[in-house]
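Enquirer: After the structure tokens below, expect a handful of questions from me.
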Amino acid sequence: MNRVINVDLGEQSYNIHIGKECLPSLAGLLAGVPRGSRSILVSDDIVFRLYGEQFYEILQSAGLKIEVAVLAGGESCKNLETLGWLYEQMISKGLDRQSTVFALGGGVVGDIAGFAAASFMRGIGYIQLPTSLLAQVDSSVGGKTGVNLSLGKNLVGAFYQPSLVFADVNLLNTLAEKEYQTGLAEVIKYGVIWDSKLFDYLETNIESIKARDMDCLIHIISRCCEIKAEIVAQDEKEKGLRALLNLGHTFGHAFEALTEYKKFTHGQAVAIGMVYATRLAAATDMINEQDAKRVTDLIKNYGLPLHYGDIRPSEIVARMHLDKKNTGGKITLVLPAAIGRSEIVGEIDPAQIEAILI
Ligand SMILES: NC(=O)c1ccc[n+]([C@@H]2O[C@H](COP(=O)([O-])OP(=O)(O)OC[C@H]3O[C@@H](n4cnc5c(N)ncnc54)[C@H](O)[C@@H]3O)[C@@H](O)[C@H]2O)c1
Ligand SMILES: [Zn+2]
């Protein structure tokens, strides 16, 4: 039986299905999906080679006439050029206003295919079929879509909700270890910002989770999706609460950018970002030493890095200034107050941040 979580957004509400070996149940969920004359399965090279045929057959068995578009994959293809190519594929393969886009892959495929669906003929339906841990716990839920510009990440996009998210945890068996770890950093983030029980579970089940035990995965992915659904239902367009999901990210984006996106995966950079957000919170007595140590220990115990290496602290702070949330020379950050509770803190003096960057 799949776990089903509803994202409650009025007319844009949808379900997230999570299960193991649950692919056969997908066809039955597609009965009401708009089908137009053609629909399209969008994937990347690696994922399509592993799972493309299986999904193609399922979609066909649901009575859909399916076309395929395979992207090169990787962050470097999440750009306007790929998007333009995808629109052309959609037109030349005969999609119309009733067609549906199926995004099979990690966050890169989900973000591009979702934005293509948001904008093609002013918007057609799309379904997320996330295959990476990061996509199953984070990017496939909540409707943020978009692409990168050479000037920065995710600068063009739309809030556009899918009509269904379907995650089979068995797909994670083929995920490279560093990609699995990247997802785990986001899972830890949910524990720190929202749910001390999830945090406890991550502490007590380290070996099973590292070994990708399917039942543990269903538990943690379901819990992360429930939390994201709850947050997005209250604040779809990130006017406040949703910003909590950025814990570790302002630091993390600086670490990623200053190492030209080569040294760290996104999750590794976020993990280090959480270590420093926690250190800053401890330095200002916002979190007690014991909780701060638990955050850092958990990150360490999952094999994630704790330090950014040899970047100059002044460069890190300068880069953090570019973040969209800042005002008037001060910096806004999400900081942990306790295990399971974080706050958005504004007006932070940059010198205070530089002082804890050791
Ligand atoms: N929309 C959102 O709310 C949101 C949230 C977080 C991140 N993101 C975006 O997500 C992207 C990162 O997502 P990602 O980490 O999934 O990266 P990704 O899509 O590049 O996938 C990582 C790698 O894993 C491979 N892969 C995926 N599933 C696999 C599987 N089952 N087996 C084997 N290999 C597999 C992919 O081919 C790729 O090489 C970034 O662009 C980020 O901006 C979006
Ligand atoms: Zn992230």
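Glycine too: its Cβ is placed from the backbone N, Cα and C atoms.
Remember, TrEMBL labels are computer predictions, not curated facts.
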Enquirer: Do you know which of His219, His249 TrEMBL groups with Glu186, His266 in the Zn(2+) site?
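Expert: According to TrEMBL, the candidate sharing the Zn(2+) site with Glu186, His266 is His249.
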Enquirer: Distance check, please: Cα of Val109 (NAD(+) binding site) against Cα of His249 (Zn(2+) binding site), rounded to an integer number of angstrom.
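Expert: Given the Cα positions, Val109 (NAD(+) binding site) is 21 Å from His249 (Zn(2+) binding site).
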Enquirer: Under a criterion of Cβ-Cβ distance under 8 Å and sequence separation of at least 6, what residues of the same chain contact Ser132 (NAD(+) binding site)?
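Expert: Within the chain, Ser132 (NAD(+) binding site) has Cβ neighbours under 8 Å at Gly105, Gly106, Gly107, Leu172, Leu175, Glu179, Thr182, Gly183.
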Enquirer: Tally the residues of the domain '3-dehydroquinate synthase C-terminal' (183-326) by DSSP class, grouping H, G and I as helix, E and B as strand, and everything else as coil.
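Expert: DSSP classes over the domain '3-dehydroquinate synthase C-terminal' (183-326) add up to 102 helix, 0 strand, 42 coil.
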Enquirer: Check the binding-site residues Ser132, Glu186, His249 for any whose Cβ is under 6 angstroms from an atom of ligand 1, and report them in sequence order.
Expert: Ser132
